[in-house]
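Peer 1: For reference, the structure I am asking about is given below.
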Amino acid sequence: MAASVLALAVALLLGASSRVDHGAAAAPVSEEGLQVTYGSTVKLMHEKTKVRLHSHDVAYGSGSGQQSVTGFPEIDDSNSYWIVRPTLDSSAKQGDAVETGSIIRLQHMRTRKWLHSHLHASPLSGNLEVSCFGGDGQSDTGDYWRLEIEGKDKVWKRDQKVRLRHVDTGGYLHSHNKKYNRLGGGQQEILSIK
């Protein structure tokens, strides 16, 4: 099972690699041991395929018809930034550390939509589709992901391997080498797998 799930590492933080965006001007911080907090802007990279979690304002042509999510290989891509947010009913606030077992939401920085999954089939592999849905004022439990940190650490840190498990479906965020021909010009499928 561990080999089939998406192992993610915080690849970059907004701005220079030594900065974290907490909604205000980012201040320089030490990279080593840098904690990911609510409000941090991150890029997430699949460990095996080396693609980054990516989205842009292009809808799937099948399934949900919602905004597509793909795996993108380029490092310098402005559509691969995600803001770590708490759930609607959480008491967590911006700047609080994100701990293993926390249920989080990831908001796409450019389009303001939420990383989402549901029971629609993913376009290439037929697993569970991952999309972007909603916006600043619209979110539901389809946007909820449980953070699982690999190893003994209890707090999410930069460059640490993590897995994201979708709360509603129980599927893990995943990627593989299957590429789209038209959607995303050769970008890889991102899906949720049980």
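Including glycine, each Cβ sits where the backbone N, Cα and C put it.
Below are the features listed in TrEMBL for this protein:
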- 33-87: domain 'MIR' (DOMAIN)
- 95-150: domain 'MIR' (DOMAIN)
- 153-194: domain 'MIR' (DOMAIN)
- 1-18: signal peptide (SIGNAL)
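What's the neighbourhood like for these features in this structure?
Peer 2: Across the range of the domain 'MIR' (33-87), the DSSP-based residue counts are 3 helix, 27 strand, 25 coil.
Note on the domain 'MIR' (153-194): mean pLDDT across this stretch is 91.
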Peer 1: Residue counts in helix (H, G, I), strand (E, B) and coil for the domain 'MIR' (153-194), per DSSP?
Peer 2: 0 helix, 22 strand, 20 coil
